[in-house]
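S.K.: Pasting a structure here, questions to come.
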Amino acid sequence: MGASRPTQNVRNPLSQTTQQSASNPGRPGTKGFADETFTPPDRIRNFCIIAHIDHGKSTLADRMLQMTGVLGDRAYRAQYLDRMDIERERGITIKAQNVRLPWCAAGPDGEMRDHVLHLIDTPGHVDFTYEVSRSLAACEGAILLVDAAQGIEAQTLANLYLAMEHDLEIIPVLNKIDLPAAEPERYAEEIAHLIGCEPDDVLRISAKTGAGVEAVLDEVVRRVPAPVGDADAPARAMIFDSVYDTYRGVVTYIRVVDGRITPRERIRMMSTNAVHELLEVGIISPDQKPCQGLGVGEVGYLMTGVKDVRQSRVGDTVTWERKGATEPLGGYRDPQPMVYSGLYPIDGSDFPILRDALDRLRLNDAALSYEPETSAALGFGFRCGFLGLLHLEITRDRLEREYGLDLISTAPNTVYRLELDDGSEAEVTNPADWPEGKVATIYEPITKVSVLAPADFVGPIMELCQSRRGSLEGMDYLSDSRVELRYTMPLAEIIFDFFDILKSRTRGYASLNYEPAGEQAADLVKVDILLQGEPVDAFSAIVHRDAAYEYGNSMATKLRELIPRQQFEVPIQAAIGAKIIARETIRAIRKDVLSKCYGGDITRKRKLLEKQKEGKKRMKTIGRVDVPQEAFVAALSTDQNAVEKSKAKK
Ligand SMILES: Nc1nc2c(ncn2[C@@H]2O[C@H](COP(=O)(O)OP(=O)(O)OP(=O)(O)O)[C@@H](O)[C@H]2O)c(=O)[nH]1
């Protein structure tokens, strides 16, 4: 697959005059650069857009694509960079993408020159912080985008602190100034107070209308430092994303730090020492365009023909196989699952489809981990590991939407490290593996939580965090009406319904960010739920001792309402080991479906018996108790509607 001369290339500005580009007297940079040379680093600017969810990153990226002429109006599709359907439907960015933009603007010396800007779009959600950090590591500058109608939110702060850790040049921008509710003066003050600039230094734009976006591009050229690196050293390039393409295999997105990466070379992945032949090297503008190679500071993609993203790991360093670099670039780590859940097909015969679907999803998601597991109640399924709740929900969405699966997922839990009585250690991600009676000390993961909200809600937020075993670390007023509360809190207390309750207690105004912060010893117990004395493994949970009774009682009550009455009485119990801590009872019912059939033709009786048999097919039998699948779905769901729906079916 040789490199062909790209039709519209954004390569080396030196191959053109430095006046305004002839092809486009407007502001976009020169087109049709010669592709036999490499763009000099002093004409390159690598930047990303960081912000809280929905503050407009993808819309601003789209507008920049249009303004630089990379994406004509005809090809324009809202949020072009958010290619995954779910990203577009949910309106959130999951995978970081990048694009090369030509722009003619004045450099630090005031001279107008053609430049090449590499824009890296970043996921805006807390689950994908590692991907954000790798995108930031590929940049020298960051546009800090804040919704002028909402102001600074939790992820604004989290991403700003990440950008500062990477010493990026921060360009503050207020977006959505077209909205009637926009308060640019108020929030410019907030941002100035936060990053130590003047309120007038905060740019004001509307990514929707394009107002002010040119000035942002000019500011990127003027203020973001040009990339530096050693063009003569052995090649080192950082992988900041990799995507599986059904037809072309894995596309690996890289930023070159030292040396050059050219096609037909053999390269080595430094974290795994895997060696591959480079089939293609190119740039993205806005789609893949092969080129002669990438030099210092350049951002683009490479293809080696591998079929699995786990061979192209985000944060890894690429170098030559022969005379390659000896020291990798810093910051690489293997993705660490934070949240585990069991995924089971409602129809057991779908298990092979679920297995194949997970295999395919993992081709494009190195952070997804899974292994087969069985449940007495739910049958054959998989214990899956995710970066966080959103990652879990997106994966489940894709399995159901793209593979037509109906799934039950068990309550999400985290990873526990146990010190056992015999001095050994164990790691538990599934309540069913809890070693009853042999545990000396239990350690649970904890997180640093940041909640941003109007000051009026401080009371309800503090009450909720304290009820979730949070300990207050600090509280700062960003302005006279908005406050940031910082807590240390167990991850297990966040991953289920904390965010939903926080939102409902603050009328949707609070925003949340959390990041791993080590572990702590905790007094945790495994609560089992028994039907007629038979434990139902799908309902077991690891909870703090103080919350055990509440969990057991709520599950027993929920199941009493969800499980249909049987021909006999069914006790529902919650237990810690052998100790019963809660109990409910489903009263017996004598149900003779033929009781109303006095006489009448045999076909009606047969239909009623057939219907009863059909209904039994959808039952899971625990011991002698028939539990409808909807009851499992509802009992394991935090969604109250699911519970109401299932009760209605009884
Ligand atoms: N009125 C107005 N709406 C905007 C503007 N910029 C973005 N929006 C809208 O705000 C919503 C979120 O925009 P996105 O660009 O998806 O925000 P995002 O930051 O990429 O969100 P994530 O992908 O979830 O991180 C969309 O409905 C946009 O149409 C703007 O300047 N003015």
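Heads up, the Cβ atoms here are built off N, Cα and C, so glycines get one too.
Sharing the record's features from TrEMBL:
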type	residues	note
BINDING	ASP54, HIS55, GLY56, LYS57, SER58, THR59, ASN175, LYS176, ILE177, ASP178	GTP binding site
COMPBIAS	1-24	compositional bias 'Polar residues'
DOMAIN	42-228	domain 'Tr-type G'
REGION	1-37	region 'Disordered'
S.K.: What does DSSP say about ASN175 (GTP binding site): helix, strand or coil?
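M.R.: Note: ASN175 (GTP binding site) is in a strand by DSSP.
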S.K.: Using a Cβ cut-off under 8 Å and a sequence separation of 6 or more, which residues in the same chain sit near ASN175 (GTP binding site)?
M.R.: ALA51, HIS55, GLY56, LEU60, LEU145, VAL146, ASP147, ALA148, ILE205, SER206, ALA207
S.K.: List nothing but the largest Cα to Cα distance in Å, as a whole number, among the residues ASP54, HIS55, GLY56, LYS57, SER58, THR59, ASN175, LYS176, ILE177, ASP178 that the record says bind GTP.
M.R.: 17
S.K.: For SER58 (GTP binding site), what is the secondary structure by DSSP, using just helix, strand and coil?
M.R.: helix
S.K.: Using Cβ-Cβ distances, find the residues under 8 Å from ILE177 (GTP binding site) that belong to the same chain and are at least 6 apart in sequence, listing them in sequence order.
M.R.: ALA148, PRO184, ARG204, ILE205, SER206, ALA211, GLY212
